[in-house]
Amino acid sequence: MRELDPDESNLLLDEQLSIRDVIEQGPFSNVYRILHGPSNRKFLLRSINLNLFRQHTGLGFEEIDEEIRICQNLQHPYICRLEKTINSVHYRHIIFENMEGNDICFEIVQRASNGFVFSEYVVSHYTRQLLDALDYCHTRKIVHRDVRPHNLVLASKDTSAPLKLCGFGVAKDLSEIGGSMACGRVGVPQFMAPEIVRKDRVSCSSDIWSSGVVLFLLLAGRLPFSGSTSDIYERIMQTDVDVDGYMPNISESARNLVRRMLNADPSKRISAKEALNHEWIRDKEHMASRKHMNDVIDQMRRYNESRKLKSNVLSAVNSGRFDETTPRQDTPQTAFVDGSSPGGDCCHRGESSSNDAAEPPADKDLSGAYKVLGSLDAINSLLDPNSYKPGSTTFQKIHDDGSVRNLLRLYDKIKALPCEPVVTEVDTSTLRKETLNQIDGLLGPSPEALELRQLLNSPHLASCVQALDVVVCEIRDPKNEASGSGDKEGNCVSSDPAPAYLNGGVLPLGAQRAGTSFEHFNQSAVHTSYDEEEEELYDCMSRLRLVQFQKDTQEPMGITLKVNEDGRCFVARIMHGGMIHRQATLHVGDEIREINGMSVANRSVESLQEMLRDARGQVTFKIIPSYRSAPPACEIFVRAQFDYEPSQDDLIPCPQAGIPFKTGDILQVISKDDHNWWQARFVSSFPSIGNSSNAQRSNQQQVAGLIPSPELQEWRTACLAMERSKNTCNTHCMWFNKKKKYYTTKYLQKHSALFDQLDLVTYEEVMRLSQYRRKTLVLLGAHGVGRRHIKNTLIHRHPNRFAYPIPHTTRPPRKDEVDGKHYYFVTNEQMMADIQNNEYLEYGTHEESMYGTKLETIRNIHKSGKIAILDVEPQALKVLRTAEYSPFVVFIAAPNLQGMQDPDGSLEKLLNESDVLRQAFGHLFDFIITNSDIDDTIAQLERLVEKLPAYPQWLPVTWVY
């Protein structure tokens, strides 16, 4: 659909709404992101052109009104909320809540690229939200009929954002028609249930089939059905779903749920409510694997790329540019509608007349796009291993398709060209029209001008110009592909845009000058003979680029260089946030030949860095690009688990580029390109609770700095430990030995294997939540520092908030002792059996009787709504530090000895033990309180626990996913 008419824009302005961005273009509706001026709130606007809707679908306006009515009645946290509707003579404007996130598949791939784990656990998390939304709809007898990734959108970019079900354009209310209805093929072919393909009566169970296909996609990374639309229909009706073949590494519990959701018989298909009670959804903590599914991400990335290209092609066809050269007043705009596009990227409406997509469109303007979309489906089928199974005819069908072979041949020829196209943001059609107007305005045009006008009026040239604009502006969309420059400060970057070839466009062979017009490139010249020893030189000359920018300040360029054995200079590293990174002019691996006309061959790195540091004004690089594919963007947050000072690190390439930090500080990792040195920014210092952070330091660290990677730090720590162990007289060796012995006291043996490398802690991935309720308060500290008194005082003052888990014991009860009040009295055999089943947090023996704290007693405290308060040994955190117990760990530090008398040395011993605990377990602390005064310590703890649930907190990502 073309842009909004001026009258409609004015109507929105009357409501104080302004369009900020175009999200999606359809044949009869567009989706925009809008801003409400008074409240400064963003919303999503779907504008439906009523005339185009009737022309393309053959349906009445009551279909739109039913969608609005259904959305108005749906109020659920996992369903996109309708805010308002605005009606006019020619349009229906539907305003929804704003959603900043991508659809589920794009969001998963993006988060995996940023370093987040994608596992069955994550899939179960989002599947539960989808099923919860569908159960809400189905309880009200509303069938969605278009459940697919496109309509499953994350509410925001935040990693804890919920899933939102949207796209109710073909939803139906079955409450008044007996819970089922007869209809045609509705939805997207790959997600249609068998009864929809057969055009039988459909019910809410059809949504479960579509959700099963979505679940299949999330677990396998690919769709269960591929090929042409007719092939997809045939396979769906055969219910040929190879769950085990596509998911060999997925748990049987997950595969069982997929099979039950993809049951061909609607009456036997699992319902949304039953699926919510499935063990893989209900008990994901134990049934869903947390192992990262890298192969699934790779497959889903291919699926997303194909889907994005299809979406861009459809958006181009549905845009106004597609009809610019052939305006028609009496016919509707050219568009794929209601199943006329192959590949299932348009939602079919079974109520209209043409919904089987059996034949190519009659409109010749769409035939080329139809072939491209069809070829993408063929390519997806070729990538499907099931296409090559015995008995499968998919591969032979594709092989016999002449149009697919021609397109693949054309692709090979394009990839074989020795140069790349120079893409500009100039609207060529507008430029053509302006040139024609200028020629028509001449009083006495020259013969050359008349000839130019004849050429520009040629229908062939007009069609080529139109195709160029459609590809550049609609399909390729340079705005989205550019690696944004971010900051554009006037002091650092020239405000004048550099010519295209200066910003990365390749100079074609034969070009004599810069600009957009080049001499004709004769392809035969590429194949002229030349000596083999000149091949490398020829390749370098054909790839040579000029990079130019303005440098008028003392700001470093933000790159490091390296010189190889041959004296050639390469870009070794680009600091994120630096000048070069913001301008995106260089890339890691680019070879630099000249700087401001001076050769850099056989020069030292120091002299080259000095040359860059002293450069002012216009700086020109002559480079040979590496054409290395850019690594995926990485933006994750970590909590440092060790202290680091770059000025004391002999291994760091550039100490000035390093970031110092302390244990517990929060860092934002920007790049993991270098195996040994990550790039990161400082976020906040320990303790990272609330909105407090080191703002001054954060502002100084806008440019990323270097931190050691986990592999490098683990190697360094292991080497230091080995060196220390060689000297038995070394005090540090004694400390390590004492520490190993310390582990064995009251320690759950099952979990010790998981923490054998406790000394090798580096970083913990975290995420920030605005609110979070901790379930357990853990008090750590040296023996005698006052933890027991603090615990008892808190429980006595706040019995409705805190509770202590009653221990279990094998000794007989004493007089006046009540089972379940003072102790839980159990037999020795029962306690040993529970210990073998790892049901105890910690246990020990005293006077031939066993005592222990059972995990179930802690869970019971949580169920009662209280906070479990524990004064345990530090090793217990290896069990407690999970989402199930959500502990807030407070270290009660011994006071300083200054000004205190210590006749027997007990205070010094207490302080030394406290320091040992801080060194060994400091990375597990959330807060530290120095116990100089016991009453002040208790008051500080009370205030902290009172305000903590409402404070923003940095939590391990494993607690959220």
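Keep in mind that glycine also has a Cβ here, set from the backbone N, Cα and C atoms.
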Inquiry  = In Swiss-Prot, one of 310-320, 530-540, 893-903 is tagged region 'Calmodulin-binding'. Which stretch would that be?
reply    = 310-320
Request  = Mind looking up the mean pLDDT for the domain 'SH3' (633-717) in the predicted model?
outcome  = 81
Ask   = Thinking of Cβ pairs under 8 Å, which stretch from 17-281, 428-479, 545-620, 774-946 has the most of them with the domain 'SH3' (633-717)?
value = 545-620
Task = Please list, for the domain 'L27 2' (428-479), how many residues fall into helix, strand and coil according to DSSP.
result = 43 helix, 0 strand, 9 coil
